[in-house]
Amino acid sequence: MNSADDRRIVRAGYRNGGGTVTGFVHKGHSPHPSLDDSLEGEIRAFLTDEDQLHTYDDLTKVNPVTPTTVLKCLQARYRVKVFYTHAGCTLVALNPFQPIPDLYSLDVMKEYHCAPQPQEFKPHIFIVAEEAYRNVQGQLEPVNQSLVVSGESGAGKTWTSRCLMKYYATVAASSSVLKSQDTVERIERRVLDSNPIMEAFGNACTLRNNNSSRFGKYIQLQLDRCQLLVGASVQTYLLEKTRVACQPANERNFHIFYQMMKGATDEQRKEWKMSHDQRFVWLPKAEKTIEEDCFHDTVEAMVHLGINAERQRQIFKILAGILHLGNVNFSSSTDESQPCNLQEQSKDFLQRAAELLCVPAEELQMCLRVRTLKAGKQSVLKPCSQAECSMRRDCLAKVIYAQLFEWLVTFINNSICADKSTWCNFIGVLDVYGFECFQINNLEQLCINYANEKLQQHFVAHYLRAQQEEYVSEGLQWSFVKYQDNQSCLDLIEGSPVSVFSLLNEESRLNRASDAKTFKVRLEKELCDNVNISWDKFSKVPHFTVAHYAGKVNYQIQGMVEKNKDPVPPELISLLQKSENALLHQIFTDREAENMTSKGLSKVTVVSKFKNSLESLMKILHTTTPHYTRCIKPNPDCKPLTFKKEEVIMQLEACGIVETIHISAAGFPIRIPFKSFMERYGLIAKYSGSKSESHCVDLEALSDDMREVEKLVRVVLQHQGLDPSRCLDGEKHNSWVHCGRTKVFLTQSMLDLLEDQRKRILSQCAFSIQCCWLRYQRRRRHARRQSATLIQAVVRSWLVRRQVQRWNRAAAVIQNTWRKWRALLKSLAEAELDDAKDLVKEDVPALNPVVRERGSVQLSTIQEPVTVRGWPMGLALASAPSITMSLTATGFQKMMSVMASLNLPSRSGEYKVETNQYTQGVASIRAQPKGSVKLHYQRSPLLYADRQPDLKSDVTGFNEILLEKTL
Ligand SMILES: Nc1ncnc2c1ncn2[C@@H]1O[C@H](COP(=O)(O)OP(=O)(O)OP(=O)(O)O)[C@@H](O)[C@H]1O
């Protein structure tokens, strides 16, 4: 690659309202040699700083954008083991061909998933995955997403698709803890387990890739309202079934056969009649072992998907039967009226194949060697030639394998597909075979390359053309980037009324053996006007050459029509319907098999079927938001960390990556309708303190008034510190924004600036809101505290008042009761004393006059022995406080208090107070000198018995006092 190649891209300026914006004219020499020179100078200047080349995360930042500069950047990045690079709307993924530790770990997934702005992280396939996931969340139309992974065989498409599926199985399930863990785990696991099964049955080791997908697939990951993965469905395209019976030189059959051969137990070998040293014609390069040869993984995945042991047995028996069938050979017959004989060593294989397929051996042999021709209601048997016999054998193997594969896909879908009511959005992952160009190419390659053309067209239509067309419709002056539009190539292949496909179908539907040369003549005649098809006049082999977007491919015509017919002899289908293998029987008796037998496959040709399925895929893609990932194979030998420039540049050119970068770099990738723009960024003008009158303009009204909107856009730009006149219509590199008729066109840098400003204003607003809120809260807290204090004070005073009132009432009751009680006691005591006086008058000498006068007992004054049985209760109660005092006092103090409470004179010698237990109170008082008086008391159960409300009272006493005179 040198700068001469770069001359194909010449920059040209375009003007928009006075300013110049960089645009490009692709492919074609510049009419100005000085431009070439300056470009070369720029390229040299750019490449001088080699140490910086790997820092370009996005190739749109490369300046100037040429194949050389882009290539050098990718190479520099690959050297430092950076494998992902943005190229505008596309992600370029270079295959490292060796596992890179921690590049796809769970932690990395979480990092990208949780990042507020994953785009700011290093380019990664997880950015694409996350962007798609967030788009679904955003619910902006179109909500459903498609991740289109393209690249040539071995570039890493399947690897990338697997990474994407693992990513969604992780992030879309991580927040699902609330759901039944069982369900979630089961569905994620099932979705992931569909991979090893489909790869075992649909992938093979080819010269370009040890694990080459021999079918295309579109996986829909179904998400529910909460963005959780609830199911998935798989749509497959064009399995390369010819590989079952015919493997290209140095390539292998499908992995599953080798897995069986290498991983079977002795018991299984016995059942499959497959000894260790058994060689199968259809298993070339069996000695080569690759990491995909893991039978255990496939069986485990089958178990997880719900394929039970009996079904597995049936599947493996069918596969073993196919292998044995491959060893059946026929010898040529000299007599055309007689069927070909089986070669001697083939007899056993035919027998075993029949046993494994559970069909009668004779019938199998018959079907392979004799054709049944229908003539009206009559059937005529016609022996087949040796070549026909081999073809019928191969056809049988292919149809069984293809139907088995289809059954498996259906089973997987039934197992992982969620009910329509449970999911609402999906993310589709498309992994189709890459562009193929071999020495000999036939119908398979034509179909594969046609599919790639379709995808390229989708990319062109969606991105390159749509973007530029929009510039024009919005009134932007734009110097077009000349991208390679492959519409004419597609017209050649699938167009109407005349195209390669239509002619092929016509030829296939004619009830005659096709001739390659005749067909070539027909093609030449019908398609000579199309520039995308050519013929090598000197070649002896009938062929045609198609100029695809990715390069020219020679297609061999021989066998193409037959392959397109893909006829399956009805007797073979009838035979398989009779199979005692339940699975085989079911596969061929279902509705599709019925159609197949009744109409014959020749009616629905391979290309028409493929075209239909691709068209429905395209319909789905058109209704989704696409995300493109271009996988690049850095070297043809799959060597780790080896970068071959020639190999890479071819792929970059083939997928139009340079054009993509140009359009992304020179154009305005962000286009926002005025109204949405104002809704999002109008606040910048509003909160930046501008006095512009446009601030007061009603946004709703403005959306209709383009001039006003433009004025506002200018204000917004002013607030960014940008000169609107330069940025809107500015010079080269200054033109960041354009106002179209209905939309604002922005560069990524402009968008970043706007977003930054918006974020700043929002955070200022948030800060103001927080301050207000805090102030408000503080005030509220203070007010609350004051109110609480007031309430507490009021309540406390109310409580106290209530308490005092209760006490007052209680005191009044007590006083009242006490007074009554005291009066009662007094009267009782007086009555008792009156009785005692009477008694003394009658029986004993008179009591001491002091006693009589005071109405109290003065034992000391008793001259004569008297018998006092006890003191009245009233006296006891009246004296209670003193007693209490005496209980707490000790010694003399106590004695004095007791005497005082009994109103006893304290003359010494007349009586004695004894305290038996000092600590517990007075035990007795003994009178002197004639005998002693014992005073007993006991505590009253009455509340307040120890209180003496009225201290002046002359009534004294204990709770209960018993006086006892002992002689
Ligand atoms: N990101 C990667 N990291 C490590 N190895 C990778 C990576 N991508 C691809 N590979 C390696 O490259 C091989 C080929 O990749 P893959 O099978 O995905 O290619 P493909 O594009 O799907 O090819 P085909 O079209 O033939 O199916 C893988 O088997 C793997 O070993």
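Heads up, residue numbers simply count up from 1 along the chain you see.
For all residues, glycine too, the Cβ spot is worked out from N, Cα and C.
If you look up TrEMBL, you'll see GLY151, GLU152, SER153, GLY154, ALA155, GLY156, LYS157, THR158 marked as ATP binding site. What TrEMBL lists as domain 'Myosin motor' is 54-759. Annotated region 'Actin-binding' per TrEMBL: 614-636, in sequence order.
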DSSP assigns the residues of the region 'Actin-binding' (614-636) as 9 helix, 8 strand, 6 coil
So which of the binding-site residues GLY151, GLU152, GLY154, GLY156 sit close to ligand 1, that is, with a CB under 6 Å from an atom of it? GLY151, GLY154, GLY156
Would you count the other C-beta atoms found within 10 angstroms of the C-beta of LYS157 (ATP binding site) for me? 28
Across all chains shown, how many C-beta atoms besides its own are within 10 angstroms of the C-beta of ALA155 (ATP binding site)? 24
Count, for each of the binding-site residues SER153, THR158, the other C-beta atoms lying within 10 angstroms of its own C-beta, and report the residue with the smallest count. SER153
Inside 8 A of the center formed by the CB atoms of GLY151, GLU152, SER153, GLY154, ALA155, GLY156, LYS157, THR158, which other residues of the chain have their CB, for the recorded ATP site? ASN95, ASN209, GLY434, CYS631, LYS633
Relative to the Cβ position of GLU152 (ATP binding site), how many further Cβ atoms are located within 10 Å? 25
Counting only residues 6+ away in sequence within the same chain, which have a CB under 8 Å from the CB of GLY154 (ATP binding site)? ASN95, ARG208, ASN209, SER212, GLY434, LYS633, CYS638
